[in-house]
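Here TrEMBL flags 79-100, 112-132, 166-184, 250-269, 290-313, 325-345 as transmembrane segment. As annotated by TrEMBL, domain 'G-protein coupled receptors family 1 profile' applies to 94-343.
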Amino acid sequence: MLSQLRNVAKFPSSVNTLFVKCMHPKYSHTDGFLYTCFCYVNCPLFSKSCLCSVEPDNLTDVLEFLLLGFSDDPERQPLTFSLFLSMYVVTMLGNLLIILAVSSDSHLHTPMYVFLSILSVADIGFTSTTVPKVILDIQTHNRVISHAGCLIQLSFFYLFGCLDGVLLTVMAYDRFVAICYPLYYPVIMNPRLCRLLILVSFLISLLDSQLQCLIVSQLTFCTNVEIPHFFCDPPQLLKLSCNDTSTNKIFMYFIGGIFAGIPVSGILFSYTQILSSVLRVPSTGGKYKALSTCGSHLSVVCLYYGTGLGVYLGSTVSHSSRKDAVASVMYAVVAPMLNPFIYSLRNRDIKRALQRLLNRTA
């Protein structure tokens, strides 16, 4: 068999091992990977590495990535451009109106609405991390993003994405205090605590983004890497890496589990206590009034985590990267766009503040 193998390189004499690149038809594969054979006497063990379009000697840190987006069909590009541009404009206008309404109306200078305005800022940042790049790529017909630009985009994506989740937990805690301890609400949710909660939310999100960015920065790629997505998606980068990513995956999922699991646990605990407290209210009207203050927040929580979980589960089942990219639009673009509508349509205070704001500008 050895006569049909190439590139045989012996290890030092102290190690009785042959390192062989198997070129025999018996060891050929067509799954897009190059299999390296480690021969121990009569027992070949296989190690899988990425199949690059360059020689191993030319393997280097990649300087640029190519974002493939949704489709290569030129006829679909105007539709994609119009769709993303319209969604981005609606997202910006909706969230800016929420911020202006809260800041301009003294009646809304309460913890719940202050957190809502910060959530709108996070939604604007979350959408602005990816959508403008998509619009620019379609307009200029240039889908290249540098390695540094990819890490920056990834960092801000996790920063604002995690900030969304943590703020939703803070808002759930605010509703928990308001419903379960209404007499102590002004004392507990004082301005100092609110500022502290906002600061801690930002610091937690910053830590998450930097840890995720650090993991991705350790990856090595072949030159001319194509990402089948509309932004630098970390799971796609792990798939395209040419080094062993098993440790990186473990750390990435571990960090993601902590920074996503703790906020979800906090939301579940808050609403469990809220539901327990509401069920003790004797009148139906009292129950409805208590739950109505949580309706908008609960809808946003379901939208945020529902779309995020759908994208995650879809990526594990589906083997199509383009389908994963389309599903990610729901999480990264549609959810931040719908949040202002949910709060403005279901909240009378926001409606009145928006009406007063529009009347002033008219």
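One-based numbering along the chain as shown.
Note: Cβ is positioned from N, Cα and C throughout, glycine not excepted.
Caution: TrEMBL annotation is automatic and unverified by curators.
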Answer yes if the transmembrane segment (112-132) and the transmembrane segment (250-269) have at least three CB pairs under 8 Å among residue pairs 6 or more apart in sequence, and no otherwise.
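Answer no: the transmembrane segment (112-132) and the transmembrane segment (250-269) share fewer than 3 Cβ pairs below 8 Å.
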For the transmembrane segment (290-313) and the transmembrane segment (166-184), does the number of C-beta pairs under 8 Å, pairs 6 or more apart in sequence, reach 3 or more?
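Taking Cβ pairs at least 6 residues apart, the transmembrane segment (166-184) and the transmembrane segment (290-313) are in contact, with 3 or more under 8 Å.
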To what whole number does the mean pLDDT across the domain 'G-protein coupled receptors family 1 profile' (94-343) round?
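Computed over the domain 'G-protein coupled receptors family 1 profile' (94-343), the mean pLDDT is 88 on the 0 to 100 scale.
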